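Student: Pulled the feature table from Swiss-Prot, pasting it below:
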DOMAIN    9-249  domain 'Protein kinase 1'
BINDING   15-23, K45, 305-313, K326  ATP binding site
ACT_SITE  D124  active site, proton acceptor
DOMAIN    299-585  domain 'Protein kinase 2'
ACT_SITE  D427  active site, proton acceptor
Amino acid sequence: MNSHKKEEWEEISSIGSCNSKSRVLKCRKKNGLIENEKVDIVAVKIINKKFFKRNETDILEKIRLFNIPRYYSHAEDDNYIYIYMEYIEDKKQLRFKESEIISMIADLTETLSFLHKHQILHRDIKPSNIILDKNGVLKLIDFGSSIIDQQQDDGDNICKESSFAITGTHTYMAPEVKKLHRSTKKSDVWSLGCTVLEIVGGNPKKIFDGIPIIPNHVSEIMVDFIKRCLIIDPNKRSHMEELLTHRLISSMVGQNKNRENNIEPKFNNDYLSSKFPERFAPRFEKPKWEIEFNELKFNKDDTVGGDGFFSVVKKGYYNETEVAIKLIKKAHGENVTVCDTFYHEVLIISNLRHPNIVQFIAACIKFDNKEVNHCIVSEWMSGGNLSQFISNERKILEINPHLRVKILLDIAKGMLYSHRQGIIHRDLTSNNVLLNFRKKKLLNNNSSNNDEQFYDSDEIIAKVCDFGLSSNQSESKKLRGGSIHYMAPENLNGSPINEKSDIYSFGLLVWQMFSYASPNTIYSPKEMASMVSDEKLNYRPQIPFNVPLKFKELITQCWDRNPLNRPKDFSEIIDKLKDINQIYFQDNSNASTISSTAITTTISTISISNSGNSSYSTSDDSSTYGSGFYNSGFL
């Protein structure tokens with residue numbers, strides 16, 4: 001192998017730093033080509049000698065594989081080691097086809113299997129150590145943590161060289177490495193599982209019972225592959241060779257790689273992720289709902305439907321249709337947490353279709369470094385949110401009490417659909433229910449007061465919105481989040497949650513429909529959290545004394561401390577509301593039997609605040625728990 005002196009090279013640009021101990025430069029040979037290589041441009045990894053491990057050059061010199069950058073030579077001076085390698089002109093793309101994703105997984109698994117056959121452990125497998133060249137070929141890089149296993153065993157024995165040092169990236173590190181500080185070939189298998197999980201839109205940091213949570217949208221065949229990697233006991237974990245025979249990739253490895261794959265697992269969604277570095281951000285075929293920002297038109301008066309810390313909702317037009325446009329504020333457009341939550345909401349709502357869930361229309365996902373225009377486009381709801389309606393249109397509810405049942409039925413139907421899709425809302429509040437209604441005056445012939453407005457149930461429709469904090473049922477086991485005043489005790493205490501937590505929040509909505517107050521006007525978030533979560537205090541707001549008995553029963557059952565005592569699901573709540581409707585509102589003439597000012601709050605200390613003219617309002621910043629991202633959900 002030819003040696004090279006650093007004086008023979010001129011720096012073109014910085015490619016980046018692998019860590020604080022090394023950096024990589026793009027360089028050109030000053031005089032001609034590298035002998036026998038026919039190239040004049042290389043990647044030079046410069047490593048501080050204090051942190052250099054001879055393993056890296058020994059391994060790179062030993063292996064020759066299409067999916068590993070070619071090693072040319074290395075040099076050194078008093079302070080640094082210079083490793084000269086093949087320069088990879090990476091392919092910058094952000095969306096991949098399903099078949100491309102499977103091909104990448106196959107390439108990565110085959111590469112790792114090759115290394116293990118030669119007794120090499122990589123020990124730092126993660127998305128940032130994978131790049132694609134300009135032809136889309138996967139390359140595994142950064143062998144700074146790698147070692148050669150001298151024991152020549154079956155892969156289960158521990159490598160002596162790694163016995164007393166943690167090496168790798170914690171998020172992708174196998175349990176036995178974290179606990180025992182020791183690596184095996186099976187440790188690479190765990191890291192592979194975490195990497196594949198992230199490629200298909202999961203988050204290895206979200207863990208339950210020691211194992212990263214696999215999102216519901218991942219296909220069964222992909223789930224099986226990942227699960228074979230993510231087994232806590234390394235003795236039960238698959239070998240790389242075994243993974244090569246898995247039906248997900250077996251027909252794409254070796255001679256079959258260029259043949260049409262007989263198994264084409266269908267992903268249920270397009271997967272979105274901002275966790276990867278720019279050189280390897282996963283990209284999939286552009287979904288039908290993705291649009292360009294210039295396709296949107298905004299109202300001339302720049303109507304604002306709601307303004308929050310991280311985003312703003314504006315009224316606009318898409319294809320000459322009135323829409324609500326929720327934009328991430330430019331100051332937060334590059335915030336990873338904000339963008340992740342945005343992508344998460346798009347992923348969920350783009351697959352929900354129900355009359356009582358705000359209709360998602362499109363989204364703009366702008367990755368241009370010069371300008372960030374992330375936005376969600378949905379139907380425009382002219383009636384504002386339920387919190388505003390309760391506060392500003394109290395008289396309508398008093399004159400038309402049957403509308404309470406209609407609104408609550410709409411919410412329950414939307415939530416039932418959501419739960420049956422495996423989605424837990426986790427932030428069901430009056431701010432996250434939007435209304436459409438027409439103030440069409442229907443004069444009551446029996447009424448002498450022509451100012452009274454009477455509505456048919458068909459005149460109003462309620463829809464659930466803001467799924468930014470939502471999660472699938474497998475992910476929600478120990479995740480906390482939402483508006484504290486509506487949060488169930490088990491959520492506040494960090495206990496496992498499920499759809500019963502949404503039912504608890506629904507109980508507070510029913511209470512709010514009669515008290516005309518918001519839970520957050522009574523106590524501060526900290527006080528409310530302490531009082532609700534405390535088993536002895538077990539605080540709930542006071543139910544007005546003249547609320548009809550059936551409604552009282554529904555409220556107390558929904559917000560029962562024990563989730564098992566709450567309604568089994570929203571279908572049971574719907575049945576109860578239908579029964580209430582028949583008992584109290586058999587016809588419009590009976591509507592007045594429990595109407596008028598008789599139904600008022602008995603809590604004199606509660607002050608009702610006017611939410612203003614905004615159609616999409618936000619709640620207090622401090623009432624949101626968990627990610628710190630939402631005021632009322634995403635806003």
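Even glycines carry a Cβ here, placed using N, Cα and C.
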Student: Which one of these binding-site residues, I15, V313, has the sparsest Cβ neighbourhood, judged by other Cβ atoms within 10 angstroms?
Tutor: I15
Student: Let me know the DSSP-derived helix, strand or coil state of V313 (ATP binding site), please.
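Tutor: SS state of V313 (ATP binding site) = strand.
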Student: Which whole-number value in Å describes the distance between the Cα atoms of F310 (ATP binding site) and D124 (active site, proton acceptor)?
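Tutor: Roughly 35 Å, rounded to the nearest whole number.
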Student: Looking at the binding-site residues K21, K45, which one has the fewest other Cβ atoms within 10 Å of its own Cβ?
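Tutor: Lowest Cβ count within 10 Å among the binding-site residues (K21, K45) is K21.
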Student: Return the single residue from the recorded positions list (D124, D307, D427) that has the minimum number of other CB atoms within 10 Å.
Tutor: D307
Student: Compute the average pLDDT of the predicted model within the domain 'Protein kinase 2' (299-585).
Tutor: 83
Student: Between the Cα atoms of D427 (active site, proton acceptor) and D307 (ATP binding site), what distance do you get, rounded to the nearest Å?
Tutor: 18
Student: Provide the number of Cβ atoms within 10 Å of the Cβ of F310 (ATP binding site), excluding the reference atom itself.
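Tutor: I get 22 for this one.
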Student: What is the interatomic distance between the Cα atoms of I15 (ATP binding site) and D124 (active site, proton acceptor), given in whole Å?
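Tutor: Their Cα atoms are separated by 19 Å.
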Student: Rounded to the nearest angstrom, how far is the Cα of D307 (ATP binding site) from the Cα of D124 (active site, proton acceptor)?
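Tutor: If we compare the Cα positions of D124 (active site, proton acceptor) and D307 (ATP binding site), the gap is 43 Å.
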